[in-house]
Amino acid sequence: MGRRGALLCLLPLLRAAERPEGRADEPGLEAALAGPNASHFFWSNYSFSDWQNFVGRRRYGAESQNPTVKALLVVAYSFIIVFSLFGNVLVCHVIFKNQRMRSATSLFIVNLAVADILITLLNTPFTLVRFVNSTWVFGKGMCHVSRFAQYCSLHVSALTLTAIAVDRHQVIMHPLKPRISITKGVIYITVIWTMATFFSLPHAICQKLFTFKYSEDIVRSLCLPDFPEPADLFWKYLDLATFILLYILPLLIISVAYARVAKKLWLCNTIGDVTTEQYLALRRKKKKTIKMLMLVVVLFALCWFPLNCYVLLLSSKVIHTNNALYFAFHWFAMSSTCYNPFIYCWLNENFRIELKALLSMCQRLPKPQEERPPSPVPSFRVAWTEKSNGRRVPPANNLLLSSHLHSGKTDLSSVEPIVAMS
């Protein structure tokens, strides 16, 4: 058993395990360790001096968990759960319902939504309940499953965002090359999940359920990492590898891909004779696309940077644990599951139509047909169209001449903010 790694990981959870008011008549952990209750701890490889040293270190940054803080956390995490489930389930519903939207790009969007749903269901509620109850109540099996779901979902999300960025780069920078087929998209998604599983297994395997008698009437459990020796180095380099593979490398690829795309969209020239109104419309669309690409990178970087840095610094022993910081950073990272559906799909016309139809059904309007478009065929262009041979269908009534497809120029109307996800 890795002593130091497990001991350091115990810090934030055992702080949360303290009584909210910290009354003197409650023995708590220190009394249990110092007195006869020490035998109630189910640890086989620790000496009593280890626990005495740990109790002394536990005082760093200790803060009480009062009912107000717990209530705020319940509201904050509930907000994430509700909006994440609603947005991501709606994304899957819209894409599976519309056959025109079934392309490789759509598969990546669904895969991202599934990863967000997985972490919303198998990690976010467990973190909340663990904090509110000051103990792990889900058993040994879920101790491993929850940690695996957290890391696997994060890897899948990062790799899928990278795949989407590479796909957008391919479409815009090389418009004459064949698109990724649905079959290849399925293969790429399989590879993504295989890689995510491989990277997540060490975290899941090293989880262990520890049980101790907190007081005469209370027995509590903690789901914590239990790294093999040398535990310090194992923990440090595992978190470092996760930080690089889960955050730095995907962010670097996404940033480079979208920077090149933004440059191409901004510098590309309008082909053919267009009016001033048409030119201004294309320029607005160009700015809109660039803003969306920048938003994707910024949100991905901002949401995960605090938590990744906190975990990395903690495993490197640069900082001590801080309960308030941990839950603030964790909530901020988990909130990223709410943003992706709106970033990638909210500006898509088909998505808006299905959302209006769904809301009409929920409200039981007498004439829901009024919310639907007059014709299933759009008058300007068809989003996400793709033939089986991987080439795009030329849009009708386009502002730009179709002859530019043979000149290697980029058609702005086919690359709306991921927007049309063409």
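Keep in mind that glycine also has a Cβ here, set from the backbone N, Cα and C atoms.
The shown structure was predicted, so the numbers you read here are calculated from the model rather than taken from an experiment.
The membrane topology recorded in Swiss-Prot places Lys70 on the same side as Pro230.
Here the transmembrane segment (327-347) sits apart from the transmembrane segment (186-207); fewer than 3 CB pairs are under 8 Å, leaving out pairs fewer than 6 apart in sequence. Per-residue pLDDT, averaged along the topological domain 'Cytoplasmic' (167-185), amounts to 84 for this model. According to DSSP, the topological domain 'Extracellular' (208-237) comprises 7 helix, 13 strand, 10 coil. Within 10 Å of the C-beta of Asn133 (N-linked glycosylation site) we count 13 further C-beta atoms, all protein chains included. Outside the transmembrane segment (293-314), and at least 6 residues removed from its termini, the chain residues within Cβ reach (under 8 Å) are 8, 154, 158, 161, 165, 168, 239-240, 243, 246-247, 250-251, 254-255, 258, 261-262, 321, 325-326, 328-330, 332-333, 335-336, 339, 343, 417-418.
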